[in-house]
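**Q** According to TrEMBL, the protein has these features:
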- 523-534: compositional bias 'Polar residues' (COMPBIAS)
- 33-522: domain 'Major facilitator superfamily (MFS) profile' (DOMAIN)
- 523-568: region 'Disordered' (REGION)
- 36-58: transmembrane segment (TRANSMEM)
- 70-89: transmembrane segment (TRANSMEM)
- 101-120: transmembrane segment (TRANSMEM)
- 132-152: transmembrane segment (TRANSMEM)
- 164-186: transmembrane segment (TRANSMEM)
- 206-229: transmembrane segment (TRANSMEM)
- 259-278: transmembrane segment (TRANSMEM)
- 298-320: transmembrane segment (TRANSMEM)
- 332-351: transmembrane segment (TRANSMEM)
- 430-451: transmembrane segment (TRANSMEM)
- 463-486: transmembrane segment (TRANSMEM)
- 492-512: transmembrane segment (TRANSMEM)
């Protein structure tokens, strides 16, 4: 029990309490509140990513005519809602002077919207619009991220802030990566699943992810009740004491951040998230097109790939601290973060010797889903109970005249580029994902850390809100923009454009690399007490030049206490 308490309850050390700003009990309560913020940030990212690998097959099951382009709009609905409502939730929190009520409302909405996503089968029509609406509401609920970042900057001391911001980045990154892994864990439930309500509502590999969000959202809601969450703000008190000012505003009003470096990092954050999210969005349809995987196979294999990626990303976070002790943070950001992400995009440019195998319709003239697609495949052992139809190489007549539960396999001929573009190999896909799993954690952590240091000892809620908004914008534009390019133009344009995008951003950061070195903010009151003592010329004051002599005489004086008596 004591071991568990040490793991989950942060105790104050003598150094932590040396500044006299709080008691040991207040320190523990403050860090408990910060850890609840970590969990909230993790859950908001999880709520976005947990459906990414399953949204396409789920949408295709509910509405086969929706198409991949509409899938991009569904994925983008989440960040659009977050982007619109983040300023409003932040303003509401400022007006209340507390984050508790906004977060309670946001988490209640999160659970309700996740429940809607899991009950889409109960709706009789317009399934794709209801799915988009549920994802939009989850995005509205995740507007609380800006409030969480604002509280984090107010609840940490200057020397604690870098570590706290890094932990938030870790929590968010793990949320992005663990989400698809959880989708994989529920894949054995299958496409149909277990009936829950009158053979209309099922717990299957698509709806289970929404119910996971519901349960975790309720848990998070309970953590923000007054019994658990205690709001503790210490940044303002620390700044006032250190600067000797009468108000918080006076302490940071004279400190101006470097706007070039600040906006450069915000743009870099936009590009980095843009590239990471689009890969998770397109991973399932990409593997289904390139490797002729079924829906269940794509979810199963991608879950394993992303689970391994989560382990690699977690290990990468542990290396960031040691790397930054040996090399400057901006160098680790450039060569450990962005350079690996550039390689990850470049590796995805098609290198196979043969084009992807095409999904051939039963009726060769039906190019608009008039008939179900089947794939001319030689596969005999698959992770699925769905039927694959075998074709003779010289014939367009299927071996099986009547097929039940046939699933589209291979690259659809409605995507014209499938007929002319070389395919991608599984080795390419895994290597590119490995580069991403290493580069993205380094990039997102150091961008946020350097950004926080450049802003200096000031309230960072507004600036963190802007950075959060840039991530929302990238998560909104990325899936729509790149899913359209992927569908219309194919692999060369999709991965070529993103590789150039990452390389250009890396070049700009290299050009402004000197501005990415955080400035040292000195205490304006440092030395004033010594100057005051010297100006008064107190006869009893010890001259600094006599300190060495005094230090040498102290042991003798302790041995002969009578020497300490002042002569008459």
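Glycine too: its Cβ is placed from the backbone N, Cα and C atoms.
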**Q** Suppose you look only at the domain 'Major facilitator superfamily (MFS) profile' (33-522); what would the mean pLDDT be?
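**A** Mean per-residue confidence for the domain 'Major facilitator superfamily (MFS) profile' (33-522): 78 out of 100.
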**Q** Quick check: do the transmembrane segment (298-320) and the transmembrane segment (101-120) share at least 3 Cβ pairs under 8 Å, counting only pairs 6+ apart in sequence?
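**A** No, since the transmembrane segment (298-320) and the transmembrane segment (101-120) share fewer than 3 Cβ pairs closer than 8 Å, they do not count as touching.
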**Q** Most CB pairs under 8 Å with the transmembrane segment (463-486): which of 101-120, 164-186, 206-229, 430-451, 492-512?
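**A** Per the Cβ count, the answer is 492-512.
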**Q** Are the transmembrane segment (70-89) and the transmembrane segment (492-512) near each other by the rule of at least 3 C-beta pairs under 8 angstroms (pairs 6 or more apart)?
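**A** Answer no: the transmembrane segment (492-512) and the transmembrane segment (70-89) share fewer than 3 Cβ pairs below 8 Å.
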**Q** Against the transmembrane segment (164-186), which of these stretches has the most C-beta pairs under 8 Å: 70-89, 101-120, 206-229, 259-278, 430-451?
**A** 430-451
**Q** Determine which recorded stretch among 36-58, 70-89, 101-120, 132-152 has the most C-beta pairs below 8 angstroms with the transmembrane segment (206-229).
**A** 101-120
**Q** So which residues does the transmembrane segment (70-89) touch in its own chain, when a touch means Cβ under 8 Å and the partner is 6 or more beyond its ends?
**A** 47-48, 52, 55-56, 59, 102, 106, 128, 131-133, 135-140, 142-147, 281, 285, 465, 468-469, 471-484
**Q** Could you pull out which residues elsewhere in the chain have a CB under 8 Å from any CB of the transmembrane segment (101-120), counting only those six or more residues past its ends?
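**A** Answer is 40, 43-44, 47, 51, 58, 62, 89, 92-93, 127, 130-131, 133-135, 137-138, 140-144, 147-148, 201, 207-211, 213-214, 217-218, 220-221, 224-225.
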